[in-house]
Amino acid sequence: MNQQNVRNFSIIAHIDHGKSTLADKLILKTGALEQRVFKDQYLDNMDLERERGITIKAQTVRLPYRSQKGDAYTFNMIDTPGHVDFSYEVSRSLAACEGVLLLIDASQGIQAQTIANVNLAMAGNLTIIPVINKVDLPSADPDMVREQLEDILQIDSTEAILASAKQGIGVEEIMEAIVERIPPPEGDPDQPLKALLFDAWYDLYKGVMILVRVVDGHLKEGMTIQMMATGHTFEVEELGAFTPVPKRIDRLSAGEVGFVIAGIKKLDETKIGDTVTEFKNNCDKPLPGYKDVKPMVFSGLYPIDGDQYENLRDALKKLRLNDASFTYEPETSAALGFGFRCGFLGLLHMEIVRERLEREYNVDLLTTAPTVVFHLKPEHGDMVVIDNPSNLKKQDRTDTILEPYLRGTIIVPDEYVGVVMNLARDRRGIQLKMEYLTPKTVMLQYALPFSEIVFDFFDHLKSSTKGYASFDYEFLDFRASDLVKLDILFNGETVDALSMIVHRDKAYYRGRELVKKLKEQIPRQMFEVAIQASIGGKVIARESVKALRKNVLAKCYGGDITRKRKLLEKQKAGKKRMKQIGKVEIPQEAFLAVLRTDVK
Ligand SMILES: Nc1nc2c(ncn2[C@@H]2O[C@H](COP(=O)(O)OP(=O)(O)OP(=O)(O)O)[C@@H](O)[C@H]2O)c(=O)[nH]1
């Protein structure tokens with residue numbers, strides 16, 4: 001394909017503004033896939049994505065398009081995820097594009113992630129085609145969105161296309177705009193190969209597959225390639241593109257996007273953001289690459305049944321092949337035995353990993369309460385990373401504990417400004433900025449401790465603003481805070497997996513709330529269970545669960561042995577998600593009780 005007739009673009013939007021629906025329509029309209037084989041949201045092919053209706057992993061498809069003037073084009077379309085946990089995938093995708101379709105819901109208008117994504121696109125000097133979507137809705141207000149485009153994003157609103165991805169309105173116009181407005185890729189086909197590796201995953205049948213955008217030169221089968229950051233060399237076995245079904249092609253030229261299979265055994269041998277070049281005919285210098293993504297939220301994963309430890313290790317290894325953004329390493333807990341400490345990008349990411357492990361690899365898991373990562377700086381000596389509160393052993397007065405802060409951006413109608421300010425203050429937020437975007441819409445920016453927002457901030461924000469607020473965040477820095485370790489004891493024994501690090505001013509409140517919630521979660525046992533919260537050895541709260549003897553067999557008068565067995569089986573199943581700690585049996589829910597306590 002002539003380089004002049006290639007268009008590489010992404011669709012960016014706030015969550016639920018209709019990216020996947022539009023992507024589907026583009027696939028259908030270009031005739032890449034027949035209606036017969038088409039399933040809604042074709043690109044969301046992971047089961048979980050389909051069930052939750054969200055896009056997790058960015059997908060790329062190559063689409064043929066014949067313009068109204070009759071010329072043939074190739075579109076490379078990259079669908080991007082909308083949730084803030086996965087925003088690193090967005091910036092990755094954008095580096096492979098010359099333009100974006102900026103989708104805005106006509107009834108909701110510009111939201112926090114719209115702004116974050118536009119900033120990324122502008123930083124990458126990409127052409128932006130604004131699309132006002134969902135114009136079919138009775139509540140659609142395209143004029144309001146046009147005004148916002150001008151006022152908030154400084155984008156010429158006459159360029160906006162009115163569309164309904166659902167009903168197929170405006171799709172032709174969008175495809176023509178892609179041809180007319182997005183420039184073809186630059187790059188010199190006669191230079192040595194220079195390609196950006198922007199995604200990689202492990203395919204059960206084909207092994208590691210990498211997705212590249214060729215900048216200069218070309219790739220062809222049989223070529224020996226070299227990864228510039230790692231130095232590894234491989235021979236190209238197969239090249240192809242998703243159309244959306246994988247299709248083999250023998251050459252990828254400057255400006256094109258496609259996948260490469262090159263006998264790469266482990267995902268670790270590839271580095272996303274790396275530059276791929278030809279071995280012995282290297283390009284002069286690598287492309288700028290990406291910042292490494294670091295997990296922000298940590299939690300312990302333990303097999304319910306200790307015998308499943310090796311299975312869990314295997315499952316984690318396999319899953320990591322497909323998701324390099326999550327990390328794991330073995331850890332032991334006095335309470336829970338052998339397990340793994342895992343790092344995630346955020347809570348949604350954590351839930352997804354947990355579900356995939358249980359569903360795809362069939363291991364029953366116990367998850368401990370998530371925590372953010374802290375830095376401990378002793379007066380003398382090196383900084384220690386604390387990704388598990390129980391590792392914070394003894395605190396010296398001279399120790400400094402630092403916690404991660406985020407820059408949170410909130411956009412709300414002006415009548416909710418007071419409510420948002422109160423909420424941010426309760427969460428130790430420091431206001432950085434307040435700006436009227438339009439006479440009725442306000443943007444507030446706060447420096448917020450991550451630990452204060454990780455669990456329930458967004459829910460509170462949504463409910464206190466009747467759903468009108470939108471929120472986006474990015475990592476800011478680590479700051480010293482007055483933090484203490486809160487321990488939980490059952491009958492005098494500390495349960496390390498329940499420890500947490502909290503701000504001193506909130507420690508009493510959190511301790512009291514947590515023991516109350518735990519009391520609700522712990523089933524009555526044959527003896528009384530005392531639940532205590534303590535800080536530095538001093539007990540600050542206590543509740544107790546009264547003793548009870550639950551005799552399931554009492555109901556079985558007579559000697560019906562099958563019935564008796566059934567009841568015992570039932571009781572055993574009920575215990576599945578219990579963990580024996582000392583003499584006390586603790587259900588999974590108890591470990592997550594902290595998620596149900598108000599952070600305030
Ligand atoms: N009425 C109407 N609904 C739409 C339109 N486009 C999308 N929707 C609906 O909006 C919801 C979200 O659409 P998606 O395409 O999943 O949104 P998304 O932006 O891809 O969401 P994420 O992948 O989770 O970021 C779905 O229920 C769609 O059916 C439209 O033009 N009109």
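Cβ atoms here come from the backbone N, Cα and C positions, even for glycine.
Any TrEMBL annotation is an automated prediction that lacks curation.
According to TrEMBL:
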- D16, H17, G18, K19, S20, T21, N133, K134, V135, D136: GTP binding site (BINDING)
- 4-186: domain 'Tr-type G' (DOMAIN)
| Going by DSSP, is S20 (GTP binding site) part of a helix, a strand, or coil? | helix
| message | With DSSP assignments reduced to helix, strand and coil, which class does N133 (GTP binding site) get? | response | strand
| remark: Using a 10 Å radius on the Cβ of G18 (GTP binding site), the other Cβ atoms enclosed count 24
| Taking S20, N133 as the binding-site residues to compare, which has the smallest set of other Cβ atoms within 10 Å? | S20
| request: Note down the number of other Cβ atoms within 10 Å of the Cβ of V135 (GTP binding site), including every protein chain shown. | output: 22
